[in-house]
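Novice: What follows is a structure written as structure tokens; I'll ask about it next.
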Amino acid sequence: MASNTTVPVITPLAHPEGSKLDFGATVSGVDIENLTDRDFAILRTALFTHQVLVIKSQSHVSPRAQYELTQRFDPLAAPLYGHGNTDSGSVGSKSILHPDLKTIPHQPQVQVIGNGFVPTYEGLSNIQLRHPHHRTFHSTSIPASHDLTHTRFYRWHIDAALYGGVARAPPVVTTLLAVKVPQGRRQTCVYDDGTGDELDVPLGTTAFVSGYKMYDILSETQKAFARSTRVEYAPHPYVWMSSAKSRSTGLGLVSEGKEMPMEELPEIEEDRIQILPMCWRNPVTGKLALQVHPSAVRRLHLEDGTVVEDLKEVREIVYGLQRPGIAPGLVYAHDWEEGDLVIFHNRGTLHSVVGAFAESEVRLFRQCNIAGSEFPMGPEEEEKEEELVHAEQEEGVVEVTKQESLPELRMGAVEVGVAA
């Protein structure tokens, strides 16, 4: 346990020489079970600065403490699991997410994921976990004879329901705790898109890419397009895409007309369809991230009022913007060890399951994310906030510096209120 005089130490991850990776950090000297306001403030700033935080030796952290940590990043959020319905009802059972999740009975915001048979864990009995395999989702697959040596990115995504209005806004963070991790093998992750791109990865890695880097490497023309475009997501997206297949890179779907027709989906409420900015602004650094869930996109709303409705065209546009950002040199493939607690900024990164396990290899993880209390800030939000600050300064209503923007002040007030 860290003493109350210990200050958490944030250390940027050491990436391989020549790597273009510039995100991720380790945290030491923090007690998650007894997290002080001071230490959480350090964690919060570190997360929005580094996007992925790794805290070692956290096997003792309870599901409740994991949930409380996760919600602390968005204290106004309702205690709802970020992906929405995961039950066995008609909606949940059709979702592509349904087979991969087991809910902890006494902490329903926390899910158990992994691979293999687990006799008992946290109130669950006889759990059969299934690590997603690209063969079930991609339009093409690696030969079975290469299954244990080669793999693919399963599905690049953001953790989000993407339907349900603001009540199901994308989670701010996701936390992952490694309970049991198979060791000993590495695999070659292949892109199979004609580029020859591949990446050496640890078995069962979680791969991360930075939405900020994905935006930064765009041309100026592409950046202007991304800043001014809004993405409309399909209603009930994980049911809608349930029969569709992915590109070999895991970055979006191929267009074969296999999406579930709108009339066959569960009831659609138009005001619950989410239309979000293509770029999301970091609440601490102000930087823009290219944040699109490529598998769930349906339409693009352009600055001039044009709506791109041809699904194949929509996907090609999004793929052209995102594909450079998943180049091998830009992917952080975390090498999991038992007890690793990873906190990642879900509004500033994309991530993917990777790997193919033998049936006997047991992998057990806890995942927690909570639907956001409000939608992410878009590119225009900073300008609006700066205009508001300027106007209020002129009227003598409030006096703040550029560094003390209104979103920051509001967040600070919320945190103090919760702590009290």
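Residue positions begin at 1 at the first shown residue.
Backbone N, Cα and C atoms are what each Cβ position is placed from, and that goes for glycine too.
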Novice: In Swiss-Prot, the 2-oxoglutarate site includes Trp336, Arg366. Which of Thr195, Thr206, Thr221 does it also list there?
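Specialist: My reading of Swiss-Prot gives Thr206 as the candidate in that site.
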Novice: Using C-alpha atoms only, work out the spacing between Asp159 (Fe cation binding site) and Thr206 (2-oxoglutarate binding site) and round it to an integer in Å.
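Specialist: If we compare the Cα positions of Asp159 (Fe cation binding site) and Thr206 (2-oxoglutarate binding site), the gap is 13 Å.
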Novice: Taking just the CA atoms, what is the gap between Thr206 (2-oxoglutarate binding site) and His351 (Fe cation binding site) in Å?
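Specialist: Cα-Cα distance, Thr206 (2-oxoglutarate binding site) to His351 (Fe cation binding site): 7 Å.
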Novice: Using an 8 Å cut-off from the Cβ centroid of Thr206, Trp336, Arg366, can you name the remaining same-chain residues around the 2-oxoglutarate site, in sequence order?
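Specialist: Near the 2-oxoglutarate site, beyond Thr206, Trp336, Arg366, sit Leu176, Leu177, Ala178, Val181, His334, Asp340, Val342, Phe365, Gln367.
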